[in-house]
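What follows is a short report on a single structure.
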Amino acid sequence: MSMKRFGKAAYRIANELVAKGGRLPIFQRFLPRIFPATYNLGVHVVLKKAPFPRQNALRIARLVTRHGRVFRPFSSVIIERHRFQNQNDWRRKFQPIRKELPRNVDLVERIRQIFGNSLRYNEDLKSTEWPNRIDSYEFGEFLGQGCNAAVYSARLANSDAESSGNTHYGAGFNEVTNILAEIPPVSKVAQKKFPLAIKLMFNFEHDRDGDAHLLKSMGNELAPYPNAAKLLNGQMGTFRPLPAKHPNVVRIQTAFIDSLKVLPDAIERYPDALHTARWYESIASEPKTMYVVMRRYRQTLHEYVWTRHRNYWTGRVIIAQLLEACTYLHKHKVAQRDMKSDNILLEYDFDDEIPQLVVADFGCALACDNWQVDYESDEVSLGGNAKTKAPEIATAVPGKNVKVNFEMADTWAAGGLSYEVLTRSNPFYKLLDTATYQESELPALPSRVNFVARDVIFDLLKRDPNERVKPNIAANALNLSLFRMGEDVKQMMEKCGISQMTTLLAGSSKVLSQKINSRLDKVMNLITAETIMANLAPHLISRAERQLRATFLSRMNREDIWRSLQYFFPAGVQLDTPATSSDCLETISSLMSSFSNDSENYEKQQKPAKNGYNNVPLLLRNVIRTDADGINGIVHRVRSK
């Protein structure tokens, strides 16, 4: 048989396959499984939908003109490859046989990442766009007035009371599930009809056009607003606002300059701040001012301490939040300079709930990345109230080359506010003069105040700013005193052997044995675990306290923790026989057994270092103190034995 006959036979067979391929059972059975994309395009689209005339030439021409698949014979291969690569689970197909190298990540760094970068524990990570025109807001009742602004409640325009009250401002501890917590039923307060507060800044220069003078005179109010730099556009030179939001700094949603809105009570309350004031000979074509839109808070600290029963545990949480705010401001070289109880705002839903605290009113703030202020004449403003100025500020005398340092001014003011929280009276309002008082003249705190809080407050009010405790160290000490751990936190630390590891040297953790630091990591693991588990039991630990713990854990470091532990175990008499590292390790290991039934075999094979004494600095015996009247401030026990 010649090759010509073979060619004719193959040609006829091919024609029959093309003509009847769409109806062949074998194609219908295997093509969808092997090449689903090819089958859908080639069989369903081409063979079924296209009419097939008998003329082969016309049939081929129609296929070419309609689909062009003759010019792309391998297009199905590309389609299959694209489908395979887009599968979400293909990377996990060989996961059991993959071996990842262990990452050497420091435990403290991991804890900071968990509580600093997770939306669950840090609602400030969530951002919301807010309108920048005053017509987009509806004003409510008058809330208060100062020398430079009036504050009104507000909500977004064209929104009813229900939608405004349920406006969502961020995730976090407010979204804790109640299923596992088994929270007892409580009466909920009515939703706020006006959840915002708008600060209407007073413009006393309506005869000037433009926005530059408004930004220069009112820009300090934007210190806690992360987007302030974009609004100011370099008008304030060295002004450096806070780079991010913080749970204990007032939440500014947005700020903008717009036309002056004359409210019904404006003429009665602040006539001099209106463009209708009698001394203006001419005014700008469009009177403007700055508006600062903030979250609305329930009460000031001054109102709270006089309307609520004193609770020393609640007071300690409030003071710790205040110190967290001071720590954040100190870190970014921002001084609020007017730290008084009227400028501390609180938010809570129920009367017996521990409030969340924020520092507000930054109109007198110093935010130029420098603590020093040239004080050459009395015309230079040092900000704030005379009764709440730190001693180094109150005693400053103007002169040539005189500089005033505000680094520790807010920290000192926090000490006076701590007195007000615990006793309802700030000693510097009437009893003492900030410029002349002596530390021995400070009034005694109630005996039921926790000993750590008592010592921290006295150290905050040191006259010499160089001897004053840093805000982060003070905040650490109070935060550690608030951890429950199923017992008094001091007893827990004694079991851990921490009392034998504190030294007189600040920052001694750098030279501590690696093994001892690893045991400190175990303790921090327990504290972190308790904080995470508290998320499942919100009826035991308040929302404010959970947020406080997350803030503390998101910024902690070992060096500051060791320095803070001196408030629990102050340095005392030197050891006659210095403890070895093995003694510390055994003591620390004993702590683990008190929290886990499975820890009996924990590091039984751990061998002490041969040069253990050389790896540990000189250890000092510590004086163990207890609270007066035996009160440790524990309210609830997370774990009962």
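Yeah, the Cβs are placed from backbone N, Cα and C, and that goes for glycine too.
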Query = Lys126, Lys192, Lys193, Lys199: which one does Swiss-Prot list with Leu143, Gly144, Gln145, Gly146, Cys147, Asn148, Ala149, Ala150, Val151 for the ATP site?
reply = Lys199
Query = In angstrom units, rounded to an integer, how far apart are the Cα atoms of Asp338 (active site, proton acceptor) and Gln145 (ATP binding site)?
reply = 16
Task = Taking the Cβ of Val151 (ATP binding site) as the reference point, list residues of the same chain whose Cβ is under 8 angstroms away and which are at least six residues distant in sequence.
result = Phe142, Leu143, Gly144, Gln145, Ala197, Ile198, Lys199, Leu200
Request  = Please name the residue among the binding-site residues Cys147, Ala149 whose C-beta has the most neighbouring C-beta atoms within 10 angstroms.
outcome  = Ala149
